[in-house]
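According to TrEMBL, the protein carries these features:
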DOMAIN    13-336  domain 'RNA 3'-terminal phosphate cyclase'
BINDING   Q104, Y294, L295, Q296, D297, Q298  ATP binding site
DOMAIN    184-285  domain 'RNA 3'-terminal phosphate cyclase insert'
ACT_SITE  H320  active site, tele-AMP-histidine intermediate
Amino acid sequence: MAGPRVEVDGSIMEGGGQILRVSTALSCLLGLPLRVHKIRAGRSTPGLRPQHLSGLEMIRDLCDGQLEGAEIGSTEITFTPEKIKGGIHTADTKTAGSVCLLMQVSMPCVLFAASPSELHLKGGTNAEMAPQIDYTEMVFKPIVEKFGFIFNCDIKTRGYYPKGGGEVIVRMSPVKQLNPINLTDRGCVTKIYGRAFVAGVLPFKVAKDMAAAAVRCIRKEIRDLYVNIQPVQEPKDQAFGNGNGIIIIAETSTGCLFAGSSLGKRGVNADKVGIEAAEMLLANLRHGGTVDEYLQDQLIVFMALANGVSRIKTGPVTLHTQTAIHFAEQIAKPKFIVKKSEDEEDAAKDTYIIECQGIGMTNPNL
């Protein structure tokens, strides 16, 4: 029997699609009926966009739930979840909407399904305003797997703004429970590597220029490490449309991973794209945290569900992270504490500890 609906105000705090992702995933997992109103109310194009719609429809299909008000431009939805099932599920944004964001909303749910799942996600793999698929593979995956599960991410085709057309297949098996994580020891940077890519009609020289500019920028601050950024021409049959971009990863002695990335836009020279990614990486290395600013909010739902106390050390807590914490607490009732880091080496830095007493979600099917 469904209990009373959880009421979520979609216009507060970060006020965007993230509120939908966090609240529908948790509603699905906990079997709580949900109403979200004032969806993206403050945005220039309020209400649901195609990528939000495909995420909602995917969650509905994952659990044979009921979804009302789900159309483009709608500012209110109601969702009534049922039992989460495994198997093959497809979500297609039909745009350059991010496959990585589709993965963000669906992954926690299928971890608690009755059987293994295969998610066919279509849209943009390297798109603006979202993690690039390379980030998901190279940073998100190894860290999130510390919660005690593994997933396989198979990039069939890459898709770029504005056409999309990318496809990624994610395979994972369900778990009984998630383990808490403790990421508080940063260690020292041991490796810096990355890839600079061009796809479609863009000349290979653009990839080489992005890589070279990024390396020069990093060398100014970090002199004693070899920086290995590979220029890549995406094979014609594995990329749809035209695009260019770069992702650079720093790895530490304790296995922490940080990234800086940037995508090319028409009229922006290659050096500038490379430098932007390098500067983002360097900024993420300055704050003394164990995760970069983009990983922060992506870990919150997993911490909320885990069986025990998780701790992560971060730089300044982003609005996305504060938003994820707020709605996770409202819906799932974990206990989060955010406090300034008391370690001596962090004294001069803006470093925080996010601690969470997870709810110990147990898979009823296993």
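Note: Cβ is positioned from N, Cα and C throughout, glycine not excepted.
TrEMBL entries are annotated by machine, without manual review.
Remember, predicted model here, so these are calculated numbers, not experimental data.
If you average pLDDT over the domain 'RNA 3'-terminal phosphate cyclase insert' (184-285) in this model, you get 97. When each of the recorded positions L295, Q296, H320 is scored by how many other Cβ atoms sit within 10 Å of its Cβ, H320 comes out lowest.
Of all residue pairs in the ATP-binding list (Q104, Y294, L295, Q296, D297, Q298), the one with the greatest Cα separation is 13 Å apart. For H320 (active site, tele-AMP-histidine intermediate), the nearest of the binding-site residues by C-alpha distance turns out to be D297; the candidates were Q104, Y294, L295, D297, Q298. Other residues of the chain with a Cβ within 8 Å of the Cβ centroid of Q104, Y294, L295, Q296, D297, Q298, the ATP site, are P131, F140, V291, L299, I300, H320, T321. Annotation for Q104 (ATP binding site): same-chain Cβ neighbours under 8 Å, separated by at least 6 residues, are R21, Q298. Taking DSSP states H, G and I as helix and E and B as strand, the domain 'RNA 3'-terminal phosphate cyclase insert' (184-285) has 37 helix, 37 strand, 28 coil. Around the Cβ of Q298 (ATP binding site), a 10 Å sphere holds 24 further Cβ atoms from the protein chains shown. Long-range C-beta contacts of Y294 (ATP binding site), restricted to its own chain and to partners at least six residues apart, with a cutoff below 8 Å, comprise P131, Y135, V139, A259. In sequence order, Q18, T318, H320, T321, T323, A324 are the residues of the chain that are 6 or more apart from D297 (ATP binding site) and have a CB within less than 8 Å of its CB.
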